[in-house]
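See below for the structure under consideration.
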Amino acid sequence: MVGLLTDILCGYQNPGNLPPDREQCKFDPTNNAFVIIGVHTTLMGVLSCLTAAWWGSLSDRHGRTRVIALCGLPFIDVAWLVLALCRSWVPLGHYLVAVGYVAQGLVGGTTALMAVMLAYIADCTDATSRTVMFSVFLGASYGGGTVGGPLGRSLVRLVHQPSTVFALSAFVQVCLSACSWSLIPESVPPEQLAEEQRRHAEARVGRRRRGAMGVVDVMSDVVRPLGVVCPERDRQASGRWSLTLLAVAIGSFNVIASHSPYIALYSSRLHLPFNAFVDAMRFTVLARNIYLAICFPLIITALSRTSRLTSAPATVGASFTLNRTLAHVSAAFSAGIFAVFPLMTSVGGVAAVMVAGALGAGFNPAVLGLAVDVHAARAGARETGKVFGALGVVRAFSADILGPILIAAVYTGTLSTAPATLFVVASALMIIALIALTFVRMPEQRTRVLEDGV
């Protein structure tokens with residue numbers, strides 16, 4: 001993408017040269033290409049944060065499969081494909097790419113797609129298998145993202161045409177969207193969809209009677225789903241802050257998700273070989289994917305059998321206890337990993353701690369299972385998509401917007417005096433997540449029997 005956009009930008013300065021000679025450019029086209037892609041990605045991330053919860057709520061009313069099909073459309077890949085094939089006559093091609101990123105953000109991006117897929121899994125599983133399937137799904141998703149980059153680079157080296165990668169990616173995504181729309185069975189019963197549509201229509205009529213019209217009404221529809229993580233209005237209800245505390249825990253845990261570049265900088269200050277750090281990162285990613293897809297599900301299954309969670313009837317209360325325990329252990333383990341990282345001064349020690357840190361990845365599937373348990377006790381099977389959409393926004397905002405800003409500020413501010421402060425802050429964030437989880441309670445102290453498919 002960077003090379004393609006570099007040629008486009010350089011071509012504007014030298015329209016007679018196709019392909020353009022980068023050495024004749026009046027500015028650094030590669031640097032500008034990185035800046036433009038960064039701006040486009042940030043814009044898409046902001047739009048995704050604004051719209052993901054709405055798409056999750058829409059899936060509660062019109063079905064998961066249709067929303068998955070819409071959110072999975074390859075707007076960005078199509079924009080890059082058109083630019084790669086028609087770079088000689090498409091005017092201002094980088095604006096075409098911007099349109100692709102904006103369109104992807106308006107359909108919720110990866111945040112909405114993951115949220116609705118998680119809601120689909122929640123619909124099709126019960127308390128005994130939900131967290132297991134969340135973990136397998138996240139492990140497979142991360143694994144696909146890990147394989148995609150090297151596969152794309154290998155394909156480009158093989159055929160020497162970047163457009164082939166965009167075409168293949170767009171084709172696969174269109175096929176998956178078509179399958180989701182027409183072949184994959186809907187997980188939400190028609191009666192429940194009709195009920196949610198009726199409730200939504202009544203709510204809109206009520207808002208219009210109170211004077212909310214036009215743009216205000218539309219913005220209300222977009223922003224309102226985020227309120228699902230706010231405390232319940234009933235001040236006497238037990239556990240009314242539970243979803244709010246879960247959002248705090250998810251946000252605190254995922255703020256540190258963008259720490260890898262700064263760990264690399266910290267390692268360079270210790271004069272550790274950069275190639276060794278890259279190898280350690282690869283092993284860490286591989287360990288995380290294997291742990292989520294295979295090891296963590298086996299741990300959950302073993303603990304479930306030990307606690308007799310699999311004996312009928314399965315209750316939200318038993319699932320709640322197990323999920324909270326798993327989330328507690330994962331957060332505490334991550335806090336310990338960040339605490340001991342500054343003590344490592346050798347390549348082997350740094351690599352061992354990084355790989356061991358992958359064992360804290362069980363936090364996210366455990367907390368997602370915990371969120372379903374809390375919401376099921378509070379509202380039953382209704383509006384699961386809205387819950388995952390709102391929590392997805394929290395995770396995306398923490399990992400992609402707040403995290404990079406906070407980590408960069410901490411590292412640059414303490415670089416000359418105490419560079420290890422970054423790990424102290426990371427450990428403190430894990431402790432905040434741990435404390436937030438401690439105060440999560442089952443709403444109204446109820447233990448409700450779950451039915452399959454809830």
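Along the chain as shown, residues are numbered 1 onward.
Cβ atoms here come from the backbone N, Cα and C positions, even for glycine.
Long-range contacts of the transmembrane segment (33-55) within the same chain, counting only residues at least 6 positions beyond its ends with a Cβ under 8 Å from a Cβ of the stretch, are 1-3, 5-6, 9, 67, 70-71, 76, 94, 97-98, 101-102, 104-112, 115-116, 221-223, 225-226, 228, 386, 389-390, 392-393, 396-397, 400-401. Taken from TrEMBL, the feature transmembrane segment applies to 33-55 (among others).
Under 8 Å from some Cβ of the transmembrane segment (67-90) lie the Cβ atoms of residues 1, 4, 7-8, 11, 18, 44, 55-56, 58-59, 96-97, 99-101, 103-104, 107-109, 112-113, 116-117, 120, 161-163, 166-167, 169-170, 173-174, 176-178, 180-181, 184, 385, all in the same chain and six or more residues away from its ends. According to TrEMBL, the transmembrane segment annotation covers 67-90 (among others).
Feature annotation from TrEMBL assigns transmembrane segment to 96-120 (among others).
Annotated transmembrane segment per TrEMBL: 243-265 (among others), in sequence order.
A Cβ distance under 8 Å defines the sequence-distant neighbours of the transmembrane segment (285-304), meaning residues of its chain 6+ beyond its ends; these are 128, 131-132, 135-136, 138-140, 142-143, 146, 310, 322, 326, 355, 358-359, 361-362, 365. The transmembrane segment feature in TrEMBL is assigned to 285-304 (among others).
What TrEMBL records for 325-344 (among others) is transmembrane segment.
According to TrEMBL, the transmembrane segment annotation covers 350-372 (among others). Tertiary proximity for the transmembrane segment (350-372) is limited to same-chain residues at least six positions away from its ends with a CB under 8 Å from its CB atoms, namely 118, 122, 130-131, 134-135, 138, 243, 246, 249-250, 253-254, 263, 267, 270, 272, 276-277, 279-281, 283-285, 287-288, 291-292, 296, 299, 319-320, 323-324, 326-327, 329-331, 333-334, 337-338, 340-341, 344, 384, 387-388, 391, 395, 433, 437, 440.
TrEMBL lists 393-414 (among others) with the feature transmembrane segment.
Taking Cβ pairs closer than 8 Å, the transmembrane segment (420-440) reaches residues 239, 241-242, 245-246, 248-250, 252-253, 255-256, 259, 262, 266, 324, 327-328, 331-332, 334-336, 338-339, 341-342, 363, 367, 370, 374, 406-407, 410-411, 414 in its own chain, all 6 or more past its ends. The transmembrane segment feature in TrEMBL is assigned to 420-440 (among others).
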The transmembrane segment (243-265) vs the transmembrane segment (325-344): 3 or more CB pairs under 8 Å: yes
Contacting positions for the transmembrane segment (393-414) when only residues 6+ beyond its ends and CB under 8 Å are counted: 45-46, 48-49, 52-53, 111, 226, 229, 247, 250-252, 254-259, 262, 265-266, 364, 421-422, 425
Contact set, same chain, for the transmembrane segment (96-120): CB under 8 Å, 6 or more residues outside the stretch: 5, 36, 40-41, 43-49, 51-56, 59-60, 64-65, 67-68, 70-73, 75-80, 82-83, 90, 134, 137, 141, 187, 368, 384-385, 387-389, 391-393, 395-396
